[in-house]
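Taken from TrEMBL as is:
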type: DOMAIN; residues: A:100-286; note: domain 'Protein export membrane protein SecD/SecF C-terminal'
type: TRANSMEM; residues: A:16-36; note: transmembrane segment
type: TRANSMEM; residues: A:129-146; note: transmembrane segment
type: TRANSMEM; residues: A:153-174; note: transmembrane segment
type: TRANSMEM; residues: A:180-201; note: transmembrane segment
type: TRANSMEM; residues: A:235-253; note: transmembrane segment
type: TRANSMEM; residues: A:259-285; note: transmembrane segment
Amino acid sequence: MHFKKEFNFVKMSKTAFIFSIVLTIAGIISLAAFGLNYSVDFRAGSNVDVKLSKNVTIAEVQPLLDEMGIGKDASITPGDKRMNIRFTTELSSNQADQLKTEIQKLDKTASFEINTVDPEMAKELGRNAIYSVLLSCIGIIIYVSIRFEWRFAVAAIIALLHDAFIVVAIFSIFRLEVSQTFIVAVLTIIGYSINDTIVIFDRIRENMRFGKQKTREDLTNLLNHSVNQMLMRSLYTAFTVFIAAFFLFLFAGESIKMFSLAMCIGLVFGAYSSIFIASPLWLFLKFKQKPKGKAVKPSKA
Amino acid sequence: MKKRIATFIIVVLVAVGIMAWSTPGLLKSVRLGLDLKGGFEILYEATPLEKGQAVTQESLTRTAQSLEKRANALGTSEPEVTTEGTNRIRVKIAGVTNEAEVREKMKEPASLTFRSAYGCKAPAENAQPKDKYCKVELVGSDFVENGASVGYDQLNRPVIDIKVKDKKKFAEVTKRLVGQNLAIFLDDTMLSDPTVQSELTDGKAQITGNYTLDEAKQLSDTINLGALPLKLTEKYSQSVGATLGKQSLEKTLQAGIIASIVILIFMIAMYRLPGVIASFGLIVHTWLLILVFVWANFTLTLPGIAAFILGVGMAVDANIITNERIREEIRNGRSVMSAVKAGNKSSLRTILDSNITTIIVGTVMYAFGQGSVKGFALILIIEIVLSILTNVYFTHYLLSLLVKAGLLKKTKQFGVKESEINAL
């Protein structure tokens with residue numbers, strides 16, 4: 001595939017900016033009002049996943065839990081040949097054992113996954129994730145500023161924070177569960193997003209060497225041309241990585257389903273932001289520099 | 001020209017041969033994490049046994065070693081015990097059937113103490129031994145680790161010999177308690193409360209009782225295992241049933257295989273012969289990754305497989321960038337030969353810059369992450385490095401061989417129509 005016609009991405013980016021801003025505001029509101037639907041990774045308590053050979057109803061399990069005295073703290077979500085029970089308190093290993101024995105009375109072949117987390121640990125997980133994002137940003141700013149220029153770094157950082165935030169926002173709006181693997185997904189999205197953006201920036205950098213861009217129009221044309229040149233690559237790569245994440249979402253184990261979903265959403269936004277957010281932002285920053293003339297060094301940043 | 005075709009064929013055949021020969025063995029030796037084969041993981045936080053003491057790196061390491069010994073003694077296979085940060089120990093035990101028992105023993109280390117009634121209030125009638133002997137004279141860390149052994153007394157009854165690290169301290173305690181009882185406790189259970197006959201200066205003590213040989217052995221084992229330098233509390237635990245783990249593995253592998261096939265078909269459909277080479281590069285890439293896994297003895301976990309599959313998707317990017325670049329050069333009117341040369345060269349810089357930024361993110365994740373985050377980051381970094389080797393250098397090399405051999409000379413073979421070429 002090869003497009004003869006060149007798209008005017010700079011023009012389209014205005015709509016994209018409005019879309020992103022609206023989504024971001026919706027995300028902020030949702031986060032402020034409802035927060036995130038944290039899994040036990042972030043909340044103290046225990047999570048029990050049971051794989052069964054037949055379907056077991058809440059009515060069968062609830063009395064067992066009540067009998068053990070842990071019924072009040074439990075919320076049961078049955079699924080197709082599986083069941084999830086979440087406790088707001090930590091199960092002791094004796095209780096966990098007792099629970100296993102009781103459920104195995106209902107279904108002999110039941111297989112369990114039990115996670116227990118201390119609230120302190122959970123807080124630490126979240127804190128580390130935020131540190132990771134901030135530190136990654138600093139690393140990227142340094143590297144991109146050395147290899148490119150600071151404007152590229154700033155534009156790329158805004159785009160990647162946008163991608164990470166949109167995924168968090170969508171998970172908040174749709175009440176999807178946020179676990180430890182979600183952090184991994186967001187961090188990977190950041191890695192992918194920056195990767196995708198840099199490839200486009202690399203082309204802009206290359207094209208800038210060929211000619212002197214004197215006017216705003218020159219710069220706009222340069223940007224449009226560069227993005228168009230990289231368009232097929234952006235689409236193909238986003239498609240292949242999306243395929244990988246999408247099949248994981250469809251078929252892979254329960255515990256990485258949400259991870260794959262976050263990846264799928266993040267990949268789409270990662271490709272989108274490289275074209276419609278990062279590139280126009282760089283142009284915007286570059287415009288600010290231009291009127292001063294090329295004789296003035298852009299030192300006061 | 002023929003020489004190059006021969007080189008190409010030899011390189012491909014050798015690579016295919018090595019991969020076909022080694023893959024089944026490699027796949028078998030990949031170590032699976034407990035989320036894929038069942039087992040449990042516990043994160044302990046260590047605190048000093050006595051207040052005021054600090055958790056040192058040394059004591060943490062020694063505790064980890066004792067835990068590993070303990071896990072081994074309980075008959076588990078390949079327990080994985082690692083220290084984390086300044087005061088954490090992560091224990092992973094896969095494929096355990098008597099989980100409850102193992103966990104109980106791991107969690108509640110038997111702690112040996114010598115106690116006396118020195119300075120205690122007069123005990124009430126029928127007082128429990130642990131109330132009677134209120135003063136702890138010696139704690140687990142005062143005893144030589146693995147110093148307990150079974151011996152026999154004069155009447156040939158089994159006894160347990162233990163050694164104290166600090167002879168002077170033991171001498172002081174025994175001197176002070178001459179004529180009084182020095183009770184030996186395992187946790188809160190009193191084993192015996194012999195009367196101190198005289199000051200003991202050789203740092204040796206004996207636990208007597210009416211033990212059978214088996215009981216004595218068991219007790220000495222417990223004491224040896226119990227001499228942990230630090231106190232442990234469970235902070236996080238995960239336990240996965242074997243069936244559930246196997247199901248996760250199968251499903252995730254299935255997802256990976258389907259995704260890989262779709263990606264390979266896409267590459268070949270899009271880029272024809274160069275696409276075939278790119279696909280070949282991807283297969284070599286995956287094989288190398290498995291090889292690194294086995295050699296470095298990494299444990300494959302579920303997030304690891306996710307990183308693995310995702311990495312394949314991202315590795316394709318290198319091929320796409322190269323091939324799109326070659327197409328572009330052809331459209332700009334370059335000959336196939338010079339387009340491939342220029343395409344390989346300029347795409348290398350692009351790929352390096354974009355991948356290095358991803359490595360930066362991966363490194364931060366590795367440094368700050370815990371558990372599964374760490375594993376994921378490690379695989380991501382290894383994959384990117386391998387991807388640069390295989391999907392950049394190796395495929396570029398194969399592609400140039402084919403072009404130089406004259407097998408790739410029409411622009412159509414790169415999916416570029418004559419009409420798209422701009423005459424310069």
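FYI, residue positions are counted from 1 along the chain as it appears here.
Using the three backbone atoms N, Cα and C, a Cβ is placed for every residue, glycine included.
For the transmembrane segment (A:259-285), the partner stretch with the highest count of Cβ pairs under 8 angstroms, out of A:129-146, A:153-174, A:180-201, A:235-253, is A:180-201.
Per-stretch counts of Cβ pairs under 8 Å to the transmembrane segment (A:153-174) identify A:16-36 as the leading one among A:16-36, A:129-146, A:235-253. The list of residues near the transmembrane segment (A:235-253) in space but at least 6 beyond its ends in sequence, with Cβ under 8 angstroms from a Cβ of it, reads 192, 196, 259-261, 263-264, 267-268, 270-271. Listed by sequence, the residues of this chain that lie at least six past the ends of the transmembrane segment (A:129-146) yet keep a Cβ under 8 A from its Cβ atoms are 152-154, 156-157, 160-161, 164, 183, 186-187, 190, 194, 198, 201.
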